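Annotated 5-phospho-alpha-D-ribose 1-diphosphate binding site per TrEMBL: LYS30, 75-76, 102-103, LYS106, HIS108, 128-136, in sequence order. Per TrEMBL, orotate binding site is recorded for PHE38, PHE39, THR132, ARG160. Sequence annotations record features per position, and here TrEMBL assigns domain 'Phosphoribosyltransferase' to 46-165.
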Amino acid sequence: MTTQATFNPQAFIELALSRGVLKFGEFTLKSGRVSPYFFNAGLLNDGEALSLLASGYAAKLTECNNVEVVFGPAYKGIPFVAATAVALSQNHGVSVPWGFNRKEAKDHGEGGVLVGASVAGKKVWIIDDVITAGTAIREVVTILKNAGAQIAGVLVALDRQEKGQGELSAIQEVQKELEIPVHALVTMKDLMNYLEAKGETEALAKMEAYRVKYGV
């Protein structure tokens, strides 16, 4: 069995910056908030970048309980979950079944909306990039529960640690409503620690101001 070092948030942040996945500046979000940073995991679009992300997910999952199946919500979650299953096997010697859903049900062949490993009676971890409003996660949880799965938890790349509609963050709302753990590879606090370590005082000040206004 081969094992790899635990996930290094700073290395991931540096890779994300180098690939334009993470940017500091001024960005208007769908919510209308003007954010001092932007994160788009869809730009982790080559082998090296995807491998680093998947290695992070895999390392985190080895610290979690009840990892019987890993599941990627369509569409962005599909390459993430496939690469994570490979990383669990190659880095940790653990072979975990994986699956994903279709956006549209298929009425021929194997049919249905679920593809890959059976989730019936299994404890399933959902792998995704971020939880913004929580709508997509709630939808996939419903699909999985209807198929007989037990939701063990959710693992995302980034926790923005900011309020949703109320006083809780979207992740806190999902945790409270669905009564499942949600873990993240990197948090807004990690981004702030990185900026502080690099002496990026202007960007850090904007992050601090945003955190005061919208943070949880």
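A Cβ is built for glycine as well, from the same backbone N, Cα and C atoms used for every other residue.
Other than the site residues PHE38, PHE39, THR132, ARG160, same-chain residues with C-beta atoms no more than 8 angstroms from the centre of those residues' C-beta atoms, the orotate site, are LEU29, SER35, TYR37, ASN40, VAL130, LEU158. Of all residue pairs in PHE38, PHE39, THR132, ARG160, the annotated binders of orotate, the farthest apart have Cα atoms separated by 12 Å.
Here the Cα atom of LYS30 (5-phospho-alpha-D-ribose 1-diphosphate binding site) is found 10 Å from that of THR132 (orotate binding site). In terms of local Cβ density within 10 Å, ARG160 ranks first among the binding-site residues LYS30, LYS76, LYS103, ARG160. Confidence across the domain 'Phosphoribosyltransferase' (46-165), taken as the mean pLDDT and rounded to a whole number, stands at 91.
Ranking the binding-site residues PHE38, THR132, ARG160 by Cα distance from LYS76 (5-phospho-alpha-D-ribose 1-diphosphate binding site) puts THR132 first.
When Cβ neighbours within 10 Å are tallied across all protein chains shown, the highest count among the binding-site residues ILE131, ALA133 belongs to ILE131. Around ASP129 (5-phospho-alpha-D-ribose 1-diphosphate binding site), the same-chain residues six or more apart in sequence whose CB sits under 8 Å from its CB are PHE39, ALA41, GLY42, LYS76, GLY77, PHE80, VAL156, ALA157, LEU158, listed in sequence order. Straight-line distance linking the Cα atoms of THR132 (orotate binding site) and LYS103 (5-phospho-alpha-D-ribose 1-diphosphate binding site), rounded to a whole number, equals 19 Å. Around THR135 (5-phospho-alpha-D-ribose 1-diphosphate binding site), taking its Cβ as the centre, 10 other Cβ atoms fall within 10 Å, counting all chains. Neighbour list (PHE38 (orotate binding site), Cβ cut-off 8 Å, at least 6 residues apart, same chain): LEU22, LYS23, GLY25, PHE27.
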